[in-house]
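Features as listed in TrEMBL:
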| type | residues | note |
| --- | --- | --- |
| ACT_SITE | Asp400 | active site, 4-aspartylphosphate intermediate |
| BINDING | Asp400, Lys401, Thr402, Glu612, Phe655, Lys679, Arg720, Thr799, Gly800, Asp801, Arg905, Lys911, Asn934, Asp935 | ATP binding site |
| BINDING | Asp400, Thr402, Asp931, Asp935 | Mg(2+) binding site |
| COMPBIAS | 514-535 | compositional bias 'Polar residues' |
| DOMAIN | 957-1199 | domain 'P-type ATPase C-terminal' |
| REGION | 510-538 | region 'Disordered' |
| TRANSMEM | 58-79 | transmembrane segment |
| TRANSMEM | 91-107 | transmembrane segment |
| TRANSMEM | 289-310 | transmembrane segment |
| TRANSMEM | 330-352 | transmembrane segment |
| TRANSMEM | 989-1009 | transmembrane segment |
| TRANSMEM | 1021-1041 | transmembrane segment |
| TRANSMEM | 1070-1092 | transmembrane segment |
| TRANSMEM | 1098-1117 | transmembrane segment |
| TRANSMEM | 1129-1149 | transmembrane segment |
| TRANSMEM | 1169-1187 | transmembrane segment |
Amino acid sequence: MSYLNPVHYTFDSLLLYIETQEGYVTFNQCFPYHCSGLAGRQANERPRQGKYCFNESIVLLLCRVANLYFLFLVLLNWVPAVEAFQKEITMVPLLVVLIAIAFKDALEDYRRYLFDKTVNHSLVRIYCSKQKAYIDQHWQDVRVGDFIRLSCNEIIPADVLLLYSSDPRGICYIETANLDGETNLKQRRVVSDLPLQGSELTPESFYCRIECENPNNDLGRFRGYMYHSSKVRVGLHNDNLLLRSCTVRNTQTVVGLVVYAGHETKAMKNNSGPRYKQSRLEKRLNRDVLWCVILLFSMCLTAAIGHGLWLQRWTDPIYSVAEQVSPTLAGFYVFWTMIIVLQVLIPISLYVSIEIVKLGQIYFIQNDLALYSEQLDSGIQCRALNITEDLGQIQYLFSDKTGTLTENKMVFQCCTIHGVQYPHTQNGAKEVIPDPELLKKMSCLQATSLCGAEASCLQATSLYGAEASCLQATSLCGAEASLELNSIVDFFLALAVCNSVVVSSSGRPCHTVGGSSTTATPSQAGASRESTQLGPGTDLVRSNVALENPRDPTADVLTDMGNREEGLGAVGAPNVGTEPLRVSSLEDPAFCHSGPTAANEQLIYEAESPDELALVHAARAYNCTLRGRSGDELAVELPGATSRLHVSLLHVLPFDCTRRRMSVVVRHPLTGRLVLYTKGADSVIMELSEHPDVPAGEGYVNIREQTQNHLDVYARDGLRTLCIAQRVMLDDYRAWQKGQLLAETSIENREELLLESAQRLETNLTLLGATGIVDRLQEEVPETIEALQRAGIKVWVLTGDKQETAVNIACACKLLGPDDQILIANCGSKDACDALLQDLLSEVRGTGEGPGRPTLGEDKALPAAAVGGFVLVIDGRTLEWALQDELKGGFLELSRQCKAVLCCRSTPLQKSQVVQLVRSQLSVMTLAIGDGANDVSMIQVADVGIGISGQEGMQAVMSSDFAISRFKHLRKLLLVHGHWCYSRLANMILYFFYKNVMYVNLLFWYQFISGFSGSVMTNSWILILFNLLFTSVPPLVYGVLDRHTPADTLMERPELYSSRPSTKVYGSSTFWLTIMDAFYQSLVCFFIPYMAYAGSDVGVLAFGSPVNASALLIILLHQIIESHTLMWMHIAVLVGSGVLYFVFTLLFSVWCVTCSPPTNPLGVETLTISQPLFYLVCALTTVTALLPRYHARTHTHAYTHTHRLLVCVQSDRDMYWPLFLFKH
């Protein structure tokens, strides 16, 4: 539930005119900066998530159709001509329902109110112009244009444009766990081209104009401009924005400008509150309520016609209205009177009861210890409160693979370098055991110091040259050995530097690289340097050249490149003699934060993905250790190094889903050359490395072939594969850098320009090797998938992995059995896809023995029950064609014939399209489950979306209806809780229809003997409270606690999940059978007392007493017959309801004299109950009315039990078919 601001402003762009000496706006006392484009705007409204407003809550309650219907009846009863009861009595049902709903909403809103109050009263330091200092203010007082100052571990109160950071590189680390659940650190940067200050930013000296886009909910995008006083325009991007609810980490102080506040922040724009979905059961309920409306109008129309005919037939009728009213008009009045009398036919309390029952069901689901993970300290979250019963009707399940079926805790399993494979089968999550052969090859590096004070032979020789003077002294000899060792060093160096890993340790929260070094480069000597002290133990070294022309953003980079290239000599030619290695000792103070630094300290790596973490740990196992990171340098240790090497980081091209790779441009620490290191998907890197920049002979071709063979083996073993490549930069880097800077500073089409720029650089790569990372299955995944398939649920796996990897994971998790037959769908064109789908469909419809089709096991002559099904495996390109309008029919028909479907190399959009296609075209109940941001669209499209709180953040969880911690919990959630929830709610809804129709018909039958006058045979208080109070509590207990089948049986026999389709529990046939049973019982309940008291002198209320008592007993005992389990709470509620009715009627009869005019119930009930005939009539009526239902339920239970046995026997035959081979 979201709260709308009382005043809503619409404007094309958000213009922040910051006060200057000329003065756009005046200072406020404590909030100096205002938006001139938002004139009259109040202080930032207090963000709140609840309604907690009486008027607003009443409006929302009255917006419900059922509540409006009963409000109409209340107003109708105030019309004298059609008045049926006292005016106050007809208000009771509506008031009770509104009070119940309001009480429930009030409890929920009160919790939200307390949370909002805590958040709104959090403190933040805002700049005050009067005091010329930052003062503490509440979050609710933050406004657009305010300067705020944040410290480490402080939560950000608004969307803030980063203008200053105490980090010398202008970087601020934030943790977005409150937004997306990801605990890994992310970097944000100060707006580019801001004047460098030696001290903290002063708001009075800030002369800029900012223009940015309208508030929106896109967390990954921010666009805007900043105009400096010199009229220079700088682009603003998402890297410059600190989002509300994030936490500042590893940064001492930051200062920023508020651009979005309150409900305009991106976090609040994404906060839509609890998800509301309408379940399939509720949709059918709404249709049946319409049938009840039709039935109500039919009964009222019958009464109106009957009353008109009564008046016309009898000249002096007993029951009549005013003499001046014609029969037609009297019938019209009676029609509306009967609408009031028979109002309980529309089950207003049913909607409230369903909400209460679902809350009870959710309570027991969330407190189920079997759905709790001790390892993650996490249980199930029910985020959608209205679809618990849909869990019991799932027919198709769509699952992600990585992080959903697997742990998403990557373990470095093997690698191939220079065409040679090195297995690492004994590795752990963070402990990599080096391969002995690879260690032996790298031992030559241990024999020489790469970074000593004296120049070693490796320092004097290019590792890229044909000669290898030092290497020839080792067991490896010749140019080929030199090339292989070069590839090994570059491979692990790429693993160490081509990432976004943040390094820390227990004693120091951040390891960064400063400017001090033991040796200066020529380029450093040519530029004057200044050192500015920004914090304890932190030196900032910057070039004055960068300040000479702040308007030209390329000056700094190009000048620096020119200086560096002068030290190298000719571009691209190494000149190590003029570019000595920059090294630092292990006690180098260049690493930030004070404190002791030991060489063997325990480093802590924080990565944005578990793949990066595994690769950095693997590099460290071979002494290629990442020690620290800054904005433009990395500190690494290489084999044989006695000191740390400083690697200049010139550019980073981050990973994105389009390129499917990440690249860094660095200055090689050993050769001084500019090198591009790239890691990414094997299909992409292998294509980009087909024509390397350097001359390649047959040896390189053989290396690519061997690497591809190893990749195929890794994929068949179910490993995640990444390729590593490099490119030595020549004179083309400067030209590319100019284009890259233009793309980075662009506002329009920035993403497209950056993509084109990256693609221009990442070409002609040289393949170094590949890695294989294992992502182990979660516990009990095979058992869960097997149980779901036995339950009749078709399981589809939608993944971005290779086909071989996906197939092997599917085999491991028992999605594919040894006798299943695989259908491969890989096509190169749309026409070929169409032809292939038709061929496969014909093959499946035929004998099922297609020639040349791969199988997972030996195809033997097996019984029909044991023959495996078909499994379709389709790649992303073929899937794209299959989802088009012309081909989706054939794809869907083929998929229906298959036991399971594997969609490989699929994009997030394709995942959602597949789910939408199956859901809409087949009209089936779908469930999607995933753990990452790429699964969000699929989760939102499905009928039921489930997120797994795993290693990829909480975006899938926040978009889901239910959140679980492990895939295995899906088994009990569906087979047990889903089965129970659906069975309980379906039977409870039918019971509500039954009891309402049954009791209303008693009033309808009375019209036949009362001239259809609209009168009733009971007092109005009992009539109103009968369904509202006396018979309303037992169905609630039944809907929460009834168990159709024990949990152990449902877990052991998953076939019971699909053995009762929805049409058997609650469908058209069961609905009309229930209505017919209610008609029968009402006939018995009315006419047996009528015949028993015929000819006597009993009054109307005395006649109605046994009718009401019999109806109560019949309805309560009917509940017992329908219940599958009887607990003490069931018995207590049933007995309590009966006792409450009789106590109320007796007290009403004794004390009430004028409670129900014009009738007088005084002494009627006490007299009637004292007569033996009352008990005889009640007993006979109850037995006669319930006897058919009892016999029907007995036969149904016997049939159900037999059916379950047959299902279980059939399941045993399928599982243990050899035991049944010779039974015939």
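Cβ atoms are placed via backbone N, Cα and C, with glycine included.
Bear in mind that TrEMBL entries carry predicted annotations, made automatically and left uncurated.
When pLDDT values are averaged over the domain 'P-type ATPase C-terminal' (957-1199), the model yields 87. If you look at the transmembrane segment (989-1009), the same-chain residues 6 or more away from its ends with a CB under 8 A from one of its CBs are 281, 285, 288, 292, 295, 299, 303, 306, 338, 341-342, 344-347, 349-350, 353-354, 1015-1017, 1023, 1026-1027, 1031, 1035, 1038, 1066, 1070-1071, 1074-1075, 1077-1079, 1081-1083, 1085-1087, 1090, 1107, 1111, 1114-1115, 1118-1119, 1122. Scored on C-beta pairs under 8 angstroms, the neighbour of the transmembrane segment (91-107) with the top count among 1021-1041, 1070-1092, 1129-1149 is 1021-1041. Here the Cα atom of Arg905 (ATP binding site) is found 14 Å from that of Asp935 (Mg(2+) binding site). The binding-site residues Arg720, Arg905 differ in how many other CB atoms lie within 10 Å of their CB, and the one with the most is Arg720. Looking at Thr402, Asn934, the binding-site residues in this record, the fewest other C-beta atoms within 10 angstroms of the C-beta turn up around Asn934. Straight-line distance linking the Cα atoms of Gly800 (ATP binding site) and Asp931 (Mg(2+) binding site), rounded to a whole number, equals 13 Å. Scored on C-beta pairs under 8 angstroms, the neighbour of the transmembrane segment (1129-1149) with the top count among 330-352, 1021-1041, 1070-1092 is 1021-1041.
When the Cα atoms are compared, Asp931 (Mg(2+) binding site) and Arg720 (ATP binding site) turn out to be 17 Å apart. Comparing the Cα of Asp935 (Mg(2+) binding site) with the Cα of every entry in Asp400, Thr402, Phe655, Arg720, these being the recorded positions, the smallest distance points to Asp400. Sequence-distant contacts of the transmembrane segment (330-352) (same chain, at least 6 residues past either end, Cβ-Cβ under 8 Å): 64, 66-67, 69-70, 73, 76-77, 79, 81-85, 90, 93-94, 97, 100-101, 285, 289, 292-293, 295-296, 299-301, 303-305, 307-308, 311, 321, 989, 992-993, 996-997, 999-1000, 1003-1004, 1007, 1012-1014, 1016, 1026-1028, 1032. Same-chain residues at least 6 positions away in sequence with a Cβ under 8 Å from that of Phe655 (ATP binding site) are, in sequence order, Arg661, Met662, Gly680. Take the CB of Asp935 (Mg(2+) binding site) and look out to 10 A: across all protein chains shown you find 31 other CB atoms. A simple Cβ count within 10 Å picks out one of the binding-site residues Gly800, Asp931 as the most packed, and that one is Asp931.
Here the CA atom of Asp400 (active site, 4-aspartylphosphate intermediate) lies 9 Å from the CA atom of Asn934 (ATP binding site).
Rounded to the nearest whole angstrom, the C-alpha distance between Arg720 (ATP binding site) and Asp400 (active site, 4-aspartylphosphate intermediate) is 15. For Asp400 (active site, 4-aspartylphosphate intermediate), the Cβ neighbour count at a 10 Å cut-off comes to 29, with all displayed protein chains included.
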